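These notes concern the structure reproduced below.
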Amino acid sequence: MASVSELACIYSALILHDDEVTVTEDKINALIKAAGVNVEPFWPGLFAKALANVNIGSLICNVGAGGPAPAAGAAPAGGPAPSTAAAPAEEKKVEAKKEESEESDDDMGFGLFD
């Protein structure tokens, strides 16, 4: 879990990026001081140097895109390979369930202007 100091620097960097201002140590310090947060003096410089050559916008868009996920139909080691004919049938079942759930929401009486 991130400390308060780390979070203050992260939020400061995000605010600066949102305002399309370059992220520098002085600007991070100014935002932290304005927020009234006590931060160890090395954090703003560390974050400013770490984000100097990084496209923050692409970082935001790629959060959670860690690495390749294993295939959904992968067989356990030594087991038989799964049949490929079962995959389209499963997709049709999922689509049918989605359609049913969307239709059932209409009958709940949660309409805004009913």
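Cβ from N, Cα, C; glycine included.
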In Swiss-Prot, the member of Lys27, Lys93, Lys97 to which ubiquitin cross-link is assigned: Lys93
Site from Lys92, Lys98 that Swiss-Prot describes as ubiquitin cross-link, others unannotated there: Lys92
